[in-house]
Amino acid sequence: MISIYGLVMALMMASVLASSSRFQRVPQSQSVVENESVKFECESTDSYSELHYDWLHNGHRIAYDKRVHQIGSNLHIEAVRRTEDVGNYVCIATNLASGAREASPPAKLSVIYLESASVQLLGSNRNELLLKCHVEGASGDLEPLEIEWYRNSEKLSTWKNVQLDQHRLIIRQPGSEDDGLYRCTASNAAGRVMSKQGYVYQSSVKCLPRLPRRKNQKMMESWDKQTFLCRGKRGGAAGLEALPAVPEDLRIVQGPIAQSIIKEGEPTALTCLYELPDELKNQRIQLRWRKDGKLLRQVELGGSAPILGHSFDSGKDALLREDARLVLHKQNGTLSFASIIASDAGQYQCQLQLEAHAPISSSPGILEVIEQLKFVPQPTSKNLELDAVVAKVHCKAQGTPTPQVQWIRDGENTTLPDQVEVDANGTLIFRNVNSEHRGNYTCLATNTQGQINATVAINVVVTPKFSVPPVGPIETSEQGTVVMHCQAIGDPKPTIQWDKDLKYLSENNTDRERFRFLENGTLEIRNVQVEDEGSYGCTIGNSAGLKREDVQLVVKTTGDGFAPEESGGDGFLVTRAVLITMTVALAYIVLVVGLMLWCRYRRQARKARLNDLSTKEAGGDQPDAAGNGKGSEQEPCLSKQHNGHSKSRSKSSGDAQKSDDTACSQQSRASKKSAHIYEQLALPRSGLSELIQIGRGEFGDVFVGKLKATLVTSPSDKDADTEKQHSNSENGSGGSGSGSTTLSTLNEKRRSKTSMDDIEEIKEEEQEQHNQSGLEQLVLVKALNKVKDEQACQEFRRQLDLLRAISHKGVVRLFGLCREKDPHYMVLEYTDWGDLKQFLLATAGKVNTATAGSSSPPPLTTSQVLAVAYQIARGMDAIYRARFTHRDLATRNCVISSEFIVKVSYPALCKDKYSREYHKHRNTLLPIRWLAPECIQEDEYTTKSDIFAYGVVVWELFNQATKLPHEELTNEQVVQRSQAGSLEWSVAEATPDSLREILLSCWVSNPKERPSFSQLGAALSKAMQSAEK
């Protein structure tokens, strides 16, 4: 409370306020979480004199110490305490020359804290159940406490007879469906707590089977073969009378001990001795054990074997999970635990249930578990970036009683250095990281069980940076010398590695006479050859990370040009250059005109021959196709096949094709190359079976089906067939076009296999494909329905080329193309667990996948989420290495198998199943919430835009795909803010600290500042290793 003396002082100081002194900054009221820091700012101006500042707390002058101190005119409070620091703060500015004082308006400090929650019963009767969630905590002046109610593990909301009123839960007309354990959670800025002990509500079963009996009818003796309907009065609360009590000679002699305390890991048993009279041995009697009101185990006493880890009843209030530690002994009713774990703590009660009678229960027994002292998780060593503002090392311990955590530094002086402190949760905090913080630190956890410790190594590093980056492109002539600079700084000293076309260079695999690797990282190439042309990359790295820069080397061959004559004058040289240029231009024009005329003549002759051939093959039944010149000009989206072969392979058209290869028609060569590639991908439509439509995509329907195992070839088989066909084409026709096709195809395969995986990993994938040759392959089939839509056909071909060029276990395989008739089918690899988004929703409990006797899959752990993200990064890196872009990367377009293998795919169900995630922009359906700004503004898709989408995918993974990115905004708002550059992104709450910085860099507006997939893969690999420790 503010004392009278403090009020008088404040009034006196306000009365002597100098007119020349005014506050520029006044302290503001604040709400802060307990144990965090707070700062009150205060600044006043006086043009002529020096000012002195002081602070009052609740009217009393503050006694400064290490925790509460004044820096300049500002007041700093470290580790705020709610018992001492709550109240009003006033800043006093004193003019030392005149003695005039000025007092600021009071600023209120509120402390946010949260300790515990408990469920209190306010009233219970037949018409209403009233519960209250009592919370020990405060939220200050911020948002009020958020209260959530749970029945068993189900979250409650206002619906039907359930009403949520602030801290209270009201259930009107409660019935048997409202039975269960009620708990509440409270959350604010300080954290989230759940009530340790809830309230168990169990409505009394009120049904007495009174059936009218006729003289000539008898009751069925076997209860399990007859069903009776018991109805109560209409309009009554329950409408049924209570069940009769069991006979007195059926009773529980001894129940569990009222309270037992067991150490974690030790065995124990809960007693339930009962007496069963002989006349009831043939009746159906069940022995049940309940934990916290939920059914845990039960067994029939009428002759059936004991049920271990299984039950006939699998209702929503049951805890009947598979657990070999728990055994229910039928003979004496004892429930034994092979070894106690922390989750076994609770209230236990045994029951006997005679059919058509009310159950009898033992007195409840409380089982308390003394949890072993341990670290959860184990503290790990960490690299801290030099000059980082804040860095944290976590140390969390569990045990009974709650352990105390402290940190010491190894060495002679165990005290922590300056700017290093420990918060209330045991986290070691480094502020303004410097080299003195380097060393070994030990975390000590202590309670009555003893003490445990864990030592971590803290290393202060500097991220590698280019001091002299490689600059290009570099042009040089053959036989010349080229120098490519690459110098780096960092701590530890970075290593420098050069590569050419993604193949590492070293003294062992290069010509030492021509290639020199200097100590400062510079690469010098002497006597440059034509084969030295390519893309050179310099990678620098240390324990703090990796960086890479590329430079292009262009080698110009020496021609047979005219050597300049020293004796001639400048005018002669200019005249000769002009004459040569005009002569070459004239010759080029004549050549082009002649080729155009000749190509036109040859094209007309080829069309006439092809029309004659098609007429003969059709038996003369297609005169229009043969005779109509316009019809032959139009080409389909993808050329169709006849009897499994393309028309271009017919014997009669071989001469035309051969003659056309000598022409300079770029379009003709491209179309023949595409037809040749599509011919290699041909699959018979009869090989597909059990097609089930799962949705519609941008160019047609999408199905899931099965493909005959005999039609599934390994990637190595496809390569061999391709080379064989190219060789035959080359030997048979002698055309230059087929040779270029072979060379380009082999180069594409080399590029697709040069990724983060080495050749051994590709061999392992091929071996796995051979092992599965005896089974039917699950496939995804995409139909091309919009044959006349040029944009749809172009996208269909792009996806074909993308998936055909990639041979990586992180990307689905393209098995082939069915072109026998419309619609064309693209056949892709599929998995038994389907698309990744549905899997995430199932593990989050948003999709009901539980069957009878089973439960929903548990949520993914952080290690599992990191493993999924890592596999997607590897697959996208393979796409980047093959010089392709995905353009629609999301969890809905990835698939996962039961072996937890994730692959990048392309279902793109944008028309129905995932239509909510697409928006029509500029007459095109786009996944705008996953697209980079340059894609929406300029329709520019690059690998950097795929990296932007990958950051959103990781956000989806850590949110279990339960919500859309920026779901609070409409699609139009997302487009507007993305184009304006005001769309703000933040990582998911569950993201590890080591990944936050690199994931945020995926969403920067400048694409050049975004990381590469290899950098993301390295960061994820390091995070996975940390999570496993």
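In case you wondered, yes, glycine gets a Cβ from its N, Cα and C as well.
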Candidate cysteine (Cys42, Cys133) that Swiss-Prot pairs with Cys91 in a disulfide: Cys42
Record Swiss-Prot, residue Cys486, disulfide partner from Cys443, Cys538: Cys538
From the candidates Asn413, Asn771, the one which Swiss-Prot records as N-linked glycosylation site: Asn413
Candidates Asn35, Asn440, Asn508 (glycosylation sites) - the one closest to Asn453 (N-linked glycosylation site) by CA: Asn440
Distance, Asn508 (N-linked glycosylation site) to Asn520 (N-linked glycosylation site) (CA atoms, angstrom): 19
Fewest Cβ neighbours within 10 Å, where candidates are the glycosylation sites Asn35, Asn413, Asn440, Asn453, Asn520: Asn413
For Asn425 (N-linked glycosylation site): intrachain residues, at least 6 apart, with Cβ closer than 8 Å: Lys396, Val405
Between Asn508 (N-linked glycosylation site) and Asn332 (N-linked glycosylation site): CA-CA distance (Å): 77
Number of other Cβ atoms within 10 Å of the Cβ of Asn332 (N-linked glycosylation site) across all protein chains: 12
Pairwise CA distance, Asn508 (N-linked glycosylation site) versus Asn440 (N-linked glycosylation site), rounded so that it is a whole Å: 39
Structural state census, the domain 'Ig-like C2-type 4' (364-459) (DSSP three-state): 3 helix, 50 strand, 43 coil
